[in-house]
Structures are given as C-alpha cells and as structure tokens.
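Noted in Swiss-Prot for the protein shown:
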COILED    391-480  coiled coil
COILED    551-580  coiled coil
COILED    688-720  coiled coil
DISULFID  Cys58-Cys122  disulfide bond
DISULFID  Cys85-Cys92  disulfide bond
DISULFID  Cys121-Cys130  disulfide bond
DOMAIN    54-132  domain 'EMI'
DOMAIN    815-943  domain 'C1q'
CARBOHYD  Ser63  O-linked glycosylation site
CARBOHYD  Asn214  N-linked glycosylation site
CARBOHYD  Asn249  N-linked glycosylation site
CARBOHYD  Asn261  N-linked glycosylation site
CARBOHYD  Asn350  N-linked glycosylation site
CARBOHYD  Asn379  N-linked glycosylation site
CARBOHYD  Asn439  N-linked glycosylation site
CARBOHYD  Asn472  N-linked glycosylation site
CARBOHYD  Asn583  N-linked glycosylation site
CARBOHYD  Asn728  N-linked glycosylation site
CARBOHYD  Asn766  N-linked glycosylation site
CARBOHYD  Asn839  N-linked glycosylation site
REGION    128-150  region 'Disordered'
REGION    778-801  region 'Disordered'
SIGNAL    1-22  signal peptide
Amino acid sequence: MIPTLLLGFGVYLSWGLLGSWAQDPGTKFSHLNRPGMPEGWRLGAEDTSRDPIRRNWCPYQKSRLVTFVAACKTEKFLVHSQQPCPQGAPDCQGVRVMYRVAQKPVYQVQQKVLISVDWRCCPGFQGPDCQDHNPTANPEPTEPSGKLQETWDSMDGFELGHPVPEFNEIKVPQEQQENLLQNLQNDAQSVEDGFPGSWEAPPSNLTDEMTEANLTEFEFPGRTSEHLLQPHIDAFLKAHFSPIWKNFNDSLHSLSQAIRNLSLDVEANHQAIKMIQEGTVARADFQELGAKFEAKVQQNSQRLGQLWQDVEDQLHAQRRSVHHALSDVQAEVSTKLKQLVKAQELPGANGSLVMASAAAAARPEPESLQARLGQLQRNLSALHMVTSQREEELQSTLKNMDSVLKQHAEEIKELYSESDETFDQISKVERQVEELLVNHTGLRELRVILMEKSLIMEENKEEIERQLLELNLTLQHLHAGHADLIKYVKDCNCQRVNSDVDVAPEGHRDVMHTLEETQVSLDEQHQLDGSSLQALQSTVDAMSSAMDAYRGEGERARAERARIRSQLRALDHAVEALKTAANGTRKEIRLLHGSFTALLEDALRHQAVLAALFGEEMIDEMSEEAPRPLPLDYEQIRLALQDAASGLQEQAIGWEDLATRVEALEKAAGGFVEQHPQLAEGLEPSHDSGREEEAMTLAELEQEIRRLSSDVKQIGQCCEASWAASLNSSLEDLHSMLLDTQHGLRQHRQLFHNLFQNFQGLVASNISLDLGKLQAMLSKKDKKQPRGPGESRKRDKKQVVMSTDAHAKGLELWETGSPVAFYAGSSEGATALQMVKFNTTSINVGSSYFPEHGYFRAPKRGVYLFAVSITFGPGPGMGQLVFEGHHRVPVYSTEQRGGSTATTFAMVELQKGERAWFELIQGSATKGSQPGTAFGGFLMFKT
C-alpha cells in the first residue's frame, strides 16, 4: 500500500506543483546541525525569473543553549570500620581497624547547543507572506521564537541502508545487563521525557514546511494527496512504535517504582540496624557481620549503578538509531517528491518522458523502504521480547531481595523488642535498689532511736542506783540510832532509887521530862522512818512505771521488727523475681544463638544466590577490582559463630552448675542453723520464736543478696556494659551496708537483753546495784561464749572499720549526684537541619542549661541521664540527641499524620564542659506549648 501511495502522490504532484524547489537528483538535504543553507535552496530563492509566486521562503539555522546534568566520573572514598581483635592474636592492640575503598558517581552540570531549522523570508523579501520585495530587508530573524519542537535534531551518523548491524550491536548478553542497577529513578524519568509522545510530525520537517509553503496559494488536486500521505505515515509509525514505547515506558516506570521502594526499605533497615547498634553494646560477631553486610550492600549498589548505566546507553543508542532511520526516510521521501516536482516543469514530450523515467525510478524505492521498515519492526519486536524477559527476571530478583529484606526487618524488630524487655528488667532492678536504699535509711533511723533509748536507760539506771545507795545509807543511820537507844535504856543506873527516895518527886519529874523528850524523839524518829519508807515506795513505783514504759517500747520495737520481717519477705520475693529474670535472660541468649544461626544460613544462601545471579566470572572480576580482600570469608565466619555458640552453651552449663551450688549452700546453711540453735539463742535471750525466725530470715537474706550480686556480675560480664560496673559496685556497697546494719542490730539487741532480762528480780530484791560487779559478770559471760576458728577481737574491730568505710563510700556514691538537674519545654516550631531550642525552663538546678542557646553544659565529670520527647509535624520526622559530637541517639517517627510524639532516653558519661543538645534532621516540630515536647536530665553520680 505504501509504494502505491507514494507513486500516486508523485504522479499527482507532477501536474499541480511548480518546480521552484526542485534540485539536482544527486543532491541531498544537509544535516540539520550543519550551519548554512543548501545550495539548491539558495539558487531557487535567488532565481525569480521562472515563477515569482511562493519562491520567497528560505530555511535558516536556529540554535539554543540547553543545560542538563550528566554523570562525568566516579569518586572514590574511604570507609572506616573497626572490630575487636580475635582471641590469640599476638600483634593486635585491642581493636583492628579496616579501611576499604568505595565509589560513588559525580554529577556535573553541562550545556550543549541544539540546532534546528526556521523558515523565514529569503533575502530581499518581507511581509507576512514574503510577497513584498525589499532589497534592503534583513533575512535573519531578529527575535527567534524558540518554540519549535526539537525531536530529531540530535541524531547523527546513521545510514538507512544498514539498520540490522546497528540493532545487532545494541544487543548485549544478559549477564552484562544484570550486573548494574543504580539511579534508575532519575534516568528513567529523563528517558521517558525524551521519547516522542504524540508521534506528530515535527514542525522542522523539511517536506512539510516546503509543501506547506509552496501550496499556499495554489488550489491543485495534488494538495489533498499530500495530506492523505502524511496521516498514513503517522498512523503506520504510531501503530508500530507507540505500543512498544508505551510498554517500555510502563516497564521503566514500574522498575523505577520497585527500585524506589527497595531503596526506601534498605534505608529503613540501615537506620534500624544503626539504632540497635547504638542502643545496645555490639559484640564482636555483630560487628563483623555488620561489616560484611555493609560491604555486600556497597557491592550490590555499585553493580546496580553499572547496570543502570548500561541500560541507559542501550536506550540512548536505540533512540538515536530509530530517529536516524526515520529522519533518513523523511529525507528520501522529500527528495523524491522534489524530483517529481522538478520533472513537472519540463514542457511537452520531454516532460512526459521525464515523468515516466522518474516514475520508473521511483517505483522500486518504496519497496526498499517497506523492506527496511519491516526489518526495523522485526528488530524492535525482538528487542521488546528481550526487554520483557529481562524485566521479568529483574522483577523476580527484586521480589527475592524484598522478601529477604522483610525477613531481616522482622528479625531486627525482634531484637529491638528483646532490647526493650532487657531495659524494662534493668528499670525493675533500679527500682528494687531504690527500695533497698529506703529500707536501709529506715534501719539507720531505727538504729539511732535504739541508741538514744539505750543512753536514756543508762541514765535512768544510774539515777536508780544513786537513790538506792542513799536509801541504804538512811537505813543504816536508822539502825544505828535504834541500837544506841536500846543501849541507853539498858545502861540506865537504877541502884540510886532507894537513896534518892527523898528527892523522888523532883527526880520523878526529871525522869518524866526525860521520858517525854525520849518519846518525842522516838515519835520524830518514827516520822522520819515513815517518810523514808514512803520515799522508797515512791521510788519503787517510779521504777515500775519506768519498766512499764520500757515494756511498751519493747512492744513497739517488736512491732518494728515484724515490719522489718515483712520487708525482708518482700525482698525475698524481689530476689525470686530476679531469679526469674535471670532465667529469661538465659532464654534470650538461646534465642540470640538461634538468630545468629539463622543469619549465618541466610548469608550462605545469599552468597549462593549472588553467585547464581551474577555468575562466577563476574564475581571473580569484581573481586579482582576490589582494592583489598575482606578479612574473613564465610567459612571463617561460620566457624567463629560455631565457637560463639559453643561458648554460650558452656556459659549456660556454668549457670546451671552455679544454681546447683547455690541450692547446696542454702541446704547447708539450713542444716547449720538446725545443728547450732545456741547461736539463735545467743541472738535472742528471751527465747522468742519470732526472733529465731528473724535470725533465719536474715541469714537467708544474706545468702540471697550474695547470690544476687553474683548473678548481677555475670549478667554484667555477659552484656559488657560500661554502666554495669557502677551498678555492681552499688549492689556490693548496699550488701556491705546491710551487713553492717544487721551486725549493729544484733549488738544492740544483745546489750538490751543482757541489761534488762531480769529486771523483775532486781526490783524484788530491794538491794543496791554494784556497777563494777555487773561489768565483771557481763565480761565473764562474754568470755564463756565459744568463738569460731580464726575469729578474734582484732578481726571484729577490723570488720567494723571496713563496713563503716563501705557504708560511707555507698552514701557518698549516692549523695553526690543530686546538685545538677534541668527540665525545659519548647513553644517554638523548628524545621529540619537545625538545633531545637527548649526555651521554657521549669527546673534548672545548677544553672547548667542555657535556654537561649538550647544546650546543656556538664558542670562536672559524671554519669548523666537524659530524656527528650518531641512532637513532629505532618509526615515522617527524625531527630537525634547529640553529646559533644561523639555520640548520637536517634529519635524518629514514621507516621504521616501530624502530632506524633517520639521519646528516647540516654545514659552517658560526660567530661566537665562537654555539651548535649537535640537537633532535627528531617521533618518539622510543631509550634506551641506542647506537653510532649520537652528536654530534661540530671547527674546520677560523679566519676
């Protein structure tokens, strides 16, 4: 159909068109990028003697400057990583530092000049239709419109007669196309923008412009033939090329979407891994596995980039080839049409002969054109099939990678949840330690009260002894007076009665007077004796009331001991909870071992998949291009993980052995208490069953505290956390303080019962107390008590001094962290890449937080606890808590709606003068007084 249309179009135009645009058959159109104007057009424009109508249009060159971004080169940079030295390495200094070289593309803004054809009036003509003759008219356009469509102006160096070799050179092996895949999003968009969308004829088409210019004022029937031919050509090209380009554009769009989603997933996984590595203490196998994974991701990114570059080059070459082919087809058709038009100008028989020869010469040309178009269609179909196959393979590869990344994301989420559980357990331990501190403070207060009561009792005892001594002296004086009186009566001389009968009345009066005086003295003596007895009775009553008061205080002390016993039971329950937490930690260790094994299997499977996907030759080639090999291969990693698994199993066995040993020690301690009841009796002389239970409870508490300290030490060694050492030292100090408190309580209880266990007999005896004898008796009783092997009074004094020092050290540890604290909120909004200023300060103890600048400066060296909460605006947001640039804690939110709040905590050791602040790196922070936007911290203890 195409040859028939072309032949009919040529014959039809031979009767209606003029020969103004005819030129030599051997002459071709010049390329659009070449400067200047074709010689035939110049001659046709200057020769106005034949036909002055519609000869006044001439083509001119039009150029414009275009700016674009192109990848000019690749840049190499060093990636620093470090890992701890393996065990047994002789020349290692604790940390092994590795450097590897990575590449990234470098883009540059470039410019190029695009040249097109613009039809204007020929020299010497002007006007809207170029009909006005003006010898002084300027042929160059003063202000180019610049609105011509530039579609075929970049094709160069293609010949229509050889389309098959060009397409054969475009085809490359599948292995080379699958090696590189990076930056498909921007490049795919640029390729889609460069494709012709509507398949309309460009305004710079020479044939269209020429025909349109020459047929403006002629009303020949050949004009309809030109308009009939152009839609057929457009329909043919649209039918053959539009589905191919549409499918190719759709595939590129889907591929770019998949790559974009993959890049987002990789970035999210990278951020999650980074958070876990910063939030927990990385072990050697974690660091090594992370370095391996990062290196593999870098290699895959380089391969993706190279693959995308190859795909872009192939698409560019295909586009150039197709555009060259279509441009040459249009040029050939225009040349043949002009030859036919030129043949129309010859008169008579010569014209018919020339027309016949031209028709005969033009007949085989459409056939060759149809053959070339068919070959072009077949090549494009084959290219479409190959592209579809490779796209399917690429989609399957991307699906596999997506599934692997999802699996890794689930594993990372599990690890993150396990770290949250560990943090909760640590918080529980801290709360229990605080409760123990409160109990210790209560015990200290009770100890002080008991000491005060004992001092008061000592003073009362001395007062009672003094009163008893005075009463004893009074009784002795009374006995002496009574004896003197009896002696005086017995010694009275009665022999002089007879001789003194005469003076009897006077003597009788004297005797009566004397007897009266004696009676008066006796009455006075009886009154004195009665007052002394009343004083003694009142003293005894006071002593009984004092003993009743002491008995009430003893009851209160017994109630206090019951309360302490209940607290000890609660502490026992807390110890059981810690045992349960230790069992949970063992389970977590086993789960981590299973996770490590699964990750090892995934790594080996990924290695096999990469080898099958890219080929052994490509992997060997890329390994040769690498600057240095990796320090470990997969076999060594597998052996290292197996060694770690065996170590974990040995550690679990050690834990079980330790549990059995602790149970044996508990049984032995219980048997020792049963075999030596006199120790409990020495502690409680009143034979109270509740006191014996208290002694046993104290012994069990001591054993549980020792076991708890050993478990905490093992957990600290397992986790290798820097803050665990301070926690272990705090627990040890707490343990020593509890032992000191227990020892002091025992001493005070023993002293109390030794002094007042027989106070009723003391009151009933009604005798004086000799303090010297009492002290001697107590010392003899102490000497009679058996001492254990290796014990001495010097050792007891030494233990008391050591416990006092430990007690003072624990108090100093927990009392020196109080004078620094701050809490501030923010009422101003913030955007990305800036420091968030919390300008509303509610607490600023120590004046170490500066609200006008938004940062906290450490006034002293120590361990600080920080907390930050931020309310993000719409869309995802991310920030980080920065400590003097050497440590960062991320805070992020992935919710699309506004008002989402994210919170994080950090414990860090700061030197004096170091700063801490919060900065926003993505998204925005809401403006206004939000309760969820706050920043605070305090000093825990100095170091």
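Including glycine, each Cβ sits where the backbone N, Cα and C put it.
The recorded positions listed here (Cys85, Asn249, Asn379, Asn839) include no residue with a Cα within 10 A of the Cα of Cys130 (disulfide bond). Neighbour counts of Cβ atoms within 10 Å were compared for the glycosylation sites Asn261, Asn439, and the top value is held by Asn439. The Cβ of Cys121 (disulfide bond) has 23 neighbouring Cβ atoms from other residues within 10 Å, across all protein chains displayed.
Taking Ser63, Cys85, Cys92, Asn249, Asn439 as the recorded positions under consideration, the smallest Cα distance to Cys122 (disulfide bond) is found for Ser63. Within 10 Å of the C-beta of Asn379 (N-linked glycosylation site) there are 20 other C-beta atoms, taking all protein chains into account. Under a cutoff of 8 A between CB atoms, and with a sequence separation of 6+ in the same chain, the neighbours of Ser63 (O-linked glycosylation site) are Val113, Leu114, Ile115, Ser116. Just so you know, the Cβ of Cys92 (disulfide bond) picks up 12 other Cβ atoms within 10 Å once every protein chain is counted.
Rounded to a whole value, the Cα-Cα separation of Cys85 (disulfide bond) and Asn839 (N-linked glycosylation site) is 46 Å.
Cys122 (disulfide bond) counts 22 other C-beta atoms within 10 Å of its own C-beta, drawing on all protein chains shown. Within the set of recorded positions Cys58, Cys92, Asn439, Asn472, Asn839, the entry lying nearest in space to Asn249 (N-linked glycosylation site) is Cys58 (CA atoms). When Cα-Cα distances from Asn472 (N-linked glycosylation site) are compared across the recorded positions Cys58, Asn261, Asn439, Asn839, the shortest belongs to Asn439.
The shortest Cα-Cα distance from Asn583 (N-linked glycosylation site) to any of the recorded positions (Cys92, Cys121, Asn439) is found for Asn439. Inclusion criterion for the glycosylation sites Asn261, Asn379, Asn439, Asn839: a C-alpha placed within 10 angstroms of the C-alpha of Cys58 (disulfide bond); this criterion is met by none of them.
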